[in-house]
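S.K.: Quick one: the structure is below, questions incoming.
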Amino acid sequence: MDWDNIFSYNTAKIVTIKDRRLGGLHIIFMVLIIVYIVIYSTIYKKGYLLTETPVGSIRASLLAPNEFKDDSNFKYCDDNLIEYNFTKLECDYYDEAFVSFPVGDDVSFAVTTRVKTLDQVLNCSSKNPKCKYTTVSTRNVYVSDIEDFTILIDHTMFAPSSLIQYNSKQLKGYILDNDNNEIQINETINTVGIPGKPDILTIGKLLQLANIDLDGASSVNSTNSVRYDGVVALVFITYSNTFSYNTNNFKYVYSIQKVEDTEYGVPEAVILDNVSSRMYYNRHGIRLIFIQNGEIGSFNFQALLLTFVSGLGLLAISTVLVDQLAIRFLPERKTYSSHKFQITHGFSESRNKLRISQNEKDPLLLVETTKNNENNNNNDDYNDDDNEIFDDNNNGYQNIQNNNIIL
């Protein structure tokens, strides 16, 4: 059993092949990889930045117009003579305290467009499990002039890793129009993205940018209007400082997306004098759900190093590809393969000779060395034959001591 053969070790060998095809291809690969690492990954994709998704908070509030328009101007009101494709109802005027329900939090905001009011009494004891409220009267009305109510949106973003924090008044902002263009609004009432000013939009302007028509057909019931059933819309606020190469430039962008096949309704029970008398409100309207996202980047050496290391792996792949082309596909593949791969003879005999030489230097081990030499002489002829066979089989290969070969 030849242990040297079983536990053989493969090591890299440098061979210079003077072939313009292989050399040119390898240079092209190198140039492309360097361009990919430096130009694309590092500069264009900003591989030197550590990016994170910011978190934040949102405060939204509603304000009624200073002067309401007459309800005769609205075709959804029953005292308007203009034809309306959906159900007409009475129209009532309410202030922001009544229209904004439930009270907004940092993730959603609701605006009432229709409210059904039930005057209910309890004519029995509430301790009786079969006792139910009885409806005395019912009114179903639209909220007049809801499009002229204004909503103020104040939001703050925070990047936990880089500790970057800004309020919306400190940043430039934009809102996407119906053509997905980023626009700023600086009008008498409507303002969006102007540094130093709060973001204020009328409900009508907000719905217009979201492509939502309150007097269009509801996606839940086509016989009802959106004003009647209500609607849910997602308001995305996307923060970024990676849109340019100056990470000190920040911006945010509003985008509003209607949620299809949904309506919005919320009940409210208001106790009057006592529990036996209450007003029950069934509200329908517009629900806005705010979602803060985006990408905030800051310089990070580890991110830059990772970009370079991941790109350098491509260099090794390019070398493997050129090697495989040389030893498997080119007409000279056998010649190239013979120079690339070299098998050495076993080194057991060399180690034995070295051990004998060291033992001969020690007089105390001379007798044992002589015995070992006699035993080894019995195998000399066999080893010589082995070496001759090895030399024949490796015709075309270089000696292992020639580590650098130039063709």
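Cβ atoms here come from the backbone N, Cα and C positions, even for glycine.
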S.K.: Would you mind telling me which of 17-30, 101-114, 143-156, 283-296 Swiss-Prot tags as region 'Pore-forming motif'?
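M.R.: Range annotated as region 'Pore-forming motif' by Swiss-Prot: 283-296.
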S.K.: DSSP on the region 'Pore-forming motif' (283-296): how many residues come out helix, how many strand, how many coil?
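M.R.: Each residue of the region 'Pore-forming motif' (283-296) counted once, the result is 0 helix, 14 strand, 0 coil.
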S.K.: Same chain, outside the region 'Pore-forming motif' (283-296) by at least 6, Cβ under 8 Å from its Cβ: which residues?
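M.R.: Residues packing against the region 'Pore-forming motif' (283-296) from afar: 51-56, 58, 60, 99, 101, 106-116, 143, 151, 153, 155, 157, 159, 162, 164, 203, 207, 228-242, 252, 263-268.
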